[in-house]
């Protein structure tokens, strides 16, 4: 049977929202260490754009492999346990990465493997989050809660963009990894100590095995679900928006460093993400407000998606055409900022459609092909315009699929499901 929504007391719910916001922030701090250090790493290890593209995209090869299993286990044993286990592992990996580069001479292979492993560990995070929120947050508050926690991605990129750029200039690229990894381990320690009891931290083996195998009681009718167009619409839209978001996240630092060599890293690595925080919060507030006013849920989800995928792409195209640093910052900020409207579009639409298996369905997005393709295009064409054209084209595909086939009615409660 589908999980019944659990509504914890509001103070407890708020504390978890803040801790998950910080967790998402640190997730992105660790994720963005390599994009921030990309130019320094490629200089240090003598990589060209294709090799940099391999390292940047290897994260997403790992990321897409654990998303589905991470979502499923979270739906079974609880998202908070999966979040803390993965955060502990990626924190240690981030701290160890610079130390281990001194041990090996095959730097390209090592950094690619390290990023692949980082992707495996971080791939479970957002499916676990979707699982946690679909079971603990009321539908009327879901978009705002998700947007609030989602701002951690911009806040994390902002923190590592500012502090990381300064550490990079002052102490070298290794310091950025130490900073990010140690903060993550501190967050895990605080969450375990102050938010979870010892009882909640223990995962019995039989409980874990229940998460790894689909039992009769929790069996999901995938055949029926995947026959439904809205499910495919949200999966295609998620693939598209994740691909374009991660392409910008991975390559914008390099774009600014090469196009405007005199510009300061702490400016172009900070400003777009600073703009994205209020836009993400505003999109969640606006979405929930309009739904509470009586507008149809799917109409609002699609409206948010038009801004998140459509309008943001226009600014991405403008970014490829400008030679002014100030205009480039404005266009990058608008494109990244407006993309956060996706949090109130497809990101919560997964929970509208199938809250009982939201974690599993959420586990189907990755930016692996686009991130590598962007590096390939820059190396072969010598032009950044091709990258921003790619972003706009991929966004358009996802947006069209969602506008045509997207729905907000729950689809995991039909007769086939209830009979199981």
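Here, residue 1 is simply the first one shown, and the rest follow in order.
Just so you know, glycine gets a Cβ as well, placed from its N, Cα and C.
Quantities reported herein were computed from a predicted structural model and do not represent experimental measurements.
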For which of the residue intervals 124-144, 208-228, 271-291 does TrEMBL record transmembrane segment? 271-291
The transmembrane segment (82-104) touching the transmembrane segment (15-41) per 3+ Cβ pairs under 8 Å rule: yes
Contacting positions for the transmembrane segment (53-70) when only residues 6+ beyond its ends and CB under 8 Å are counted: 31, 34-35, 38, 41, 47, 82, 86, 108, 111-113, 115-128, 212, 246, 250-251, 359-360, 362-369, 371-376, 378-379
